[in-house]
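Below is one structure; the comments refer to it alone.
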């Protein structure tokens, strides 16, 4: 694999080399669960879902961790507004988050720790920093001393001395007055009346935002990970502070690669809840925008570039998805009428794309797809391959949908079957699927057993049964990827 990724830390696009060959450890900053997710969240998590899918498709064993921030001032404020509790607000919005991400076909992370579940690790990490002189107590709070960490500012390019000069003579609030430097940040916040609090060596209180992620990365993945993900708005202060506190504690690099997606803009401004110009994922879907249209809209732009949200752009994505969806559904709906082997038979090596009369052209398109994705996740280039594959399939699907004859010689129709097979496989890598798929409640063992039954049916040339099993799994949100040598991999939608 020749994957190259843009590393915010080095400001270069570099070859990706995992810490452990064949494996990748990834941490993605999750949401603060005080409200519904908006389109900016959708963009971020769709982009990183595609990164994960591509790594899996290329044979890596990926461990993907994404957190929930369930202790925060915003959650406390929302709880007060709703006459509720921090826990109740968090639980409601965690449930809503899962519903939204499932609808968009985003694979669930392998683990999703919550800040409230990691308090022991948080307190331990703060204690280590204090023992090393990188943190100090002040009136029940504990702060990280940025001047004690030589590398502070390496991710964002912030200059500490310049910030110190700018702050000189400024009238500070009570918290600023307790800090040794304007960039010092809270690791532990002393308890306030009426707010939830937790015991600690520094008194009752709650953790700061940044230390939560450092503790969860360490607990779930270790001191150093392969890739750390987030939006561009997290570079400073959140990710800068994560690096400082983690590396001050361990003396090791926190992440080899830092990746950040661009923002969604509305009228030239970043979409955000603070500006009030956001559109929730739920509102978009309830307005009739299909989940795959939204996914296609996001993937048409490079993940690092700003994405302008307009009605025209969304309509263009809807048109594009309509054509792709028609092409993807061709083999499922019309294989008998076209005289194609069943979808299960198509996955057999003997009649796959490799032996098609168009084998060279199909292989070139697959390599073009891989090349685009390996070029810093160029999803728009990868989509161009899907549209190229889909063009003759879509035209044929449209004729059949109208009740017309196929209008092609029998040999040409048969030669389109491997093309459809490749389209379906590459679409799974981008998370694009027919929208009748649901969510599976099957456990891994049941899925593996069902796939084994499908493999046995194929070996017995009982392709109708193999197709029935595949369709049953698809209906439950289990996507199958048939590979040469009779290997079948699966992922949950």
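Heads up, the Cβ atoms here are built off N, Cα and C, so glycines get one too.
As written in Swiss-Prot, here are the features:
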- 29, 213, 238, 242: Zn(2+) binding site (BINDING)
- 31-41: motif ''HIGH' region' (MOTIF)
- 270-274: motif ''KMSKS' region' (MOTIF)
- 273: ATP binding site (BINDING)
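Annotated features, which come from Swiss-Prot, shown on the structure.
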residue	record	Cβ neighbours (10 Å)
29	Zn(2+) binding site	22
213	Zn(2+) binding site	27
238	Zn(2+) binding site	17
242	Zn(2+) binding site	26
273	ATP binding site	15
DSSP-derived helix, strand and coil totals, residue by residue, for the motif ''HIGH' region' (31-41): 3 helix, 2 strand, 6 coil
List the residues in the vicinity of the Zn(2+) site, defined as same-chain residues other than 29, 213, 238, 242 with C-beta within 8 angstroms of the site's C-beta centre. 209, 210, 212, 214, 228, 230, 234, 239, 241
Please state whether DSSP places residue 273 (ATP binding site) in a helix, a strand or coil. coil
Once DSSP output is merged into helix, strand and coil, residue 242 (Zn(2+) binding site) belongs to helix
Quick one: Cα separation, residue 213 (Zn(2+) binding site) versus residue 273 (ATP binding site), in Å? 22
Rounded to a whole number of Å, the separation of the Cα atoms of residue 273 (ATP binding site) and residue 29 (Zn(2+) binding site) comes to 17
